[in-house]
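For reference, the structure is listed below as C-alpha cells.
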Amino acid sequence: MSTIPRHLAVIMDGNGRWAQRRRRPRMIGHRAGARTVNLCIDFCLETGIEALTLFAFSSENWGRPEDEVGALMKLFLGALEREVDELDRRGVRIRFIGERERFAEAIRARMAAAEVQTASNTRLHLTIAASYGGRWDIAQAARSLARDVAAGRLDPEAIDETLLAARVALADLPAPDLFIRTGGDTRVSNFLLWQLAYTELWFTETLWPELDAATLRRALEDYASRERRFGLTGEQVAGTQPRENNE
Ligand code: FPP
C-alpha cells in the first residue's frame, strides 16, 4: 500500500469561528478559507496526491441566513473567475458534485465552463462538492437505477453494490483514502457517506483558515502509520498466514 493517499477528502470547517474570534463578520472567515483552499491544492500537487475532494457547501448550508448564502455564492463565482486559468495551467482537472440545479444560472455556467476547460488535465483531480449531501448522492444513484428498471433496461435482481457504486458521485476515482476535518468536530456530517466506508478519518482542532502545510504533513504521517485491513486480518493484509498456536 502506498503511504501517500491517492485521494484526500476534506471538510473545511471553522471559517465562521475564526472570524468571530477576531470580532469580524463570518464572511471574512470564508474569504480567508478560500486562501486555504489554494494552500491545500498546492500541497496535493507537491506531495503527489492524485485526487482532492473538498466539501464547499452542503445541502443543509442553503438553510443559513440569506446574506451569508448570497455572499458565499459571490465568493464561489469570484474564485471560479479568478482561479480556473491558473489551475488549468498547473494540470488540475476541476469537477463539481451536488445538486447543481439549485445554483443560479451564472454559477452553473461557470462550473460547466471550468469542467470543459480542464477536462483533459490529469495531474490532480479536484472535485468541489457544492450543494452536496451524501444522502442526496445515494438517493440520486437509486433514482438512476430505478429509471433503468422502469425502462426495462435493468433487472432489479441484478442491483448490487457494484452497480450502485457506479452511480454515486466520484465513481471514476479511487475511494478516498484519507478524510480530514478541521474545526474540532468529529463527525462526517453527510459528506461522502457511501464513498467513505473504508476511509481513514483524521480530525484536527485547527480552524480551516489556520490550516498549514505542517498540519497536513502530520495528517499524512498519521495515515502512513495506520494499517488498513478492509475487513481482513492483519496477517492477510501483510500477505502472511497467521501462525498456528501449537502450544
Ligand atoms: C464551513 O465553515 C465552511 C463553509 C460552509 C464554506 C466553505 C467555503 C470556503 C472554504 C471558501 C471558498 C471555497 C471555495 C471552493 C472557493 P463554517 O462557516 O461552518 O465555520 P463555523 O463552524 O466556525 O461556523
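Note that the numbers count up from 1, one per residue, in the order the chain is shown.
Placement of Cβ uses the backbone N, Cα and C atoms for every residue, glycine included.
Annotation source TrEMBL lists active site at Asp13. If you look up TrEMBL, you'll see Asn61 marked as active site, proton acceptor. Here TrEMBL flags Asp13, Glu200 as Mg(2+) binding site. Positions annotated as substrate binding site by TrEMBL: 14-18, Arg26, His30, 58-60, Trp62, Arg64, Arg181, 187-189.
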Listed recorded positions are Asp13, Gly16, Ser59, Asn61, Val188, Glu200; which sit with C-beta under 6 angstroms of ligand 1? Asp13, Gly16, Asn61
Tell me which of the binding-site residues Gly14, Gly16 sits in the most Cβ-dense spot, judged by other Cβ atoms within 10 Å. Gly14
Provide, as an integer number of angstrom, the distance between the C-alpha atoms of Ser59 (substrate binding site) and Asp13 (active site). 15
As a test of the contact definition, list every same-chain residue at least 6 positions from the residue listed as 'active site' whose Cβ is closer than 8 Å to its Cβ. Arg181, Thr182, Gly183, Gly184, Asp185, Leu207, Trp208
One residue among the recorded positions Ser59, Asn61 has the fewest other C-beta atoms within 10 A of its C-beta, namely Asn61
Highest CB neighbour count within 10 A among the binding-site residues Trp18, Trp62? Trp18
